[in-house]
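What follows is one structure encoded as C-alpha cells, with my remarks underneath.
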Amino acid sequence: WIMGHMVNAIAQIDEFVNLGANSIETDVSFDSSANPEYTYHGIPCDCGRTCTKWEHFNEFLKGLRKATTPGDSKYHEKLVLVVFDLKTGSLYDNQASDAGKKLAKSLLQNYWNNGNNGGRAYIVLSIPNLAHYKLITGFKEALTSEGHPELMDKVGYDFSGNDDIGDVANAYKKAGVTGHVWQSDGITNCLLRGLDRVRKAVANRDSSNGYINKVYYWTVDKRQSTRDALDAGVDGIMTNYPDVIADVLNESAYKAKFRIASYDDNPWETFKN
C-alpha cells in the first residue's frame with residue numbers, strides 16, 4: 001500500500017492517487033464536544049509540505065465517497081484504503097467513546113451513504129493515545145445501534161504513538177479487538193528514525209500468536225529509506241511522494257517480491273509467503 005500522507009483537501013485526493021497512491025491518510029480534528037470537525041493538520045507538519053489545507057470533515061467524506069464509489073465521475077478504482085489520523089490530543093480521555101460514536105455517525109451518513117452504495121474503501125482508525133481505546137468501542141456501538149454492524153467489516157485499527165508493542169496489544173485487549181490491526185511506526189520526514197521497532201512489529205505480524213496483521217512505516221520520501229523499509233518487510237509506506245515509492249517498487253530487486261495492493265487484497269489478512 002502506497003499511502004499518500006496528509007491528504008486533507010478534496011482536490012488532493014486526485015493529486016495523490018494520480019502520483020501512484022492506492023491509499024491516503026487524512027487528519028481529523030475534533031471540537032470540544034468530541035465532534036469530528038475538520039480534515040486539518042496545522043503547523044508544524046512535514047518539511048516541504050503546506051500544513052494548513054483543510055475541509056469540513058463531512059464535506060471531505062462526501063468527496064472521498066465520490067472518489068471510491070464505482071460509477072461516479074470522480075471514481076478512482078485503485079484508491080482502496082483510507083487512514084484517518086484522529087487528532088484526539090485535544091480531547092479529555094473520557095471523551096474518547098463519544099468521539100468514536102460521533103465519528104461513526106459521520107461516516108455512516110456521509111461516506112457509507114447509510115449503507116446504500118456508499119464508498120467502498122477500507123478504513124483504518126488511527127489513534128495516537130492508547131488511553132483512548134474506547135474510541136473503538138464507541139464507534140462499534142454507534143454502527144450497531146444505527147443498524148449497520150456489517151460495516152465494521154470495512155474498519156481496521158492502528159495505535160500511532162510508537163508505544164511498546166506489548167502495551168499496544170493490551171489496549172486492543174481492553175477494546176475487544178481481535179484482528180483488522182495495522183501497526184504504524186515512524187516519525188516526521190524532518191527527522192530520522194531507525195527500523196528497530198518496525199522489525200519488532202514485523203516479527204509480531206509473522207509470529208503464530210501476534211496481534212498485528214499489517215505494518216506500515218511513515219513518512220518516507222527518499223529512495224534509500226524506501227528500500228530499507230521494504231527490506232524490513234513492511235506492508236505499507238506512507239509518503240509525501242507516492243511516485244518515489246512507485247519507482248522503487250519497479251526496481252528489479254523489488255518487482256518480483258512486491259506489488260501494489262488492489263481492492264481484492266484484504267487489508268485485514270496477514271500476508272503469507
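Even glycines carry a Cβ here, placed using N, Cα and C.
Marked as active site by Swiss-Prot on the basis of similarity to another entry: His5. Taken from Swiss-Prot, the feature Mg(2+) binding site applies to Glu25, Asp27, Asp85, supported by similarity to another entry. The active site, nucleophile annotation in Swiss-Prot covers His41, and the record cites similarity to another entry as its basis. Annotation comment: Swiss-Prot describes Cys45-Cys51, Cys47-Cys190 as disulfide bond, evidence class similarity to another entry. Among the features that Swiss-Prot reports, N-linked glycosylation site is placed at Asn250.
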Spatially closest candidate among His5, Cys47, Cys190, the listed recorded positions, to Asp27 (Mg(2+) binding site) (Cα to Cα): His5
Cβ-centroid neighbourhood (8 Å) of the Mg(2+) site, Glu25, Asp27, Asp85 excluded: His5, Met6, Val7, Asn8, Thr26, Val28, His41, Val83, Phe84, Leu86, Lys87, Ser126
Cβ neighbours within the same chain of Cys51 (disulfide bond) - under 8 Å, at least six residues apart: His41, Gly42, Ile43, Pro44, Cys45
Residue pair Cys47 (disulfide bond), His5 (active site) - Cα distance, angstrom, rounded: 12
Rounded Cα-Cα span from Glu25 (Mg(2+) binding site) to Asn250 (N-linked glycosylation site), Å: 23
Cβ-Cβ distance under 8 Å to Asp85 (Mg(2+) binding site), same chain, at least six residues away: Glu25, Thr26, Asp27, Val28, Ser126, Pro128, Ser160
Those residues of the chain, 6+ apart, with a Cβ under 8 Å from that of Cys190 (disulfide bond): Asp46, Cys47
Cβ neighbour count within 10 Å of the residue listed as 'active site': 29
Three-state secondary structure, which DSSP defines for His5 (active site): coil
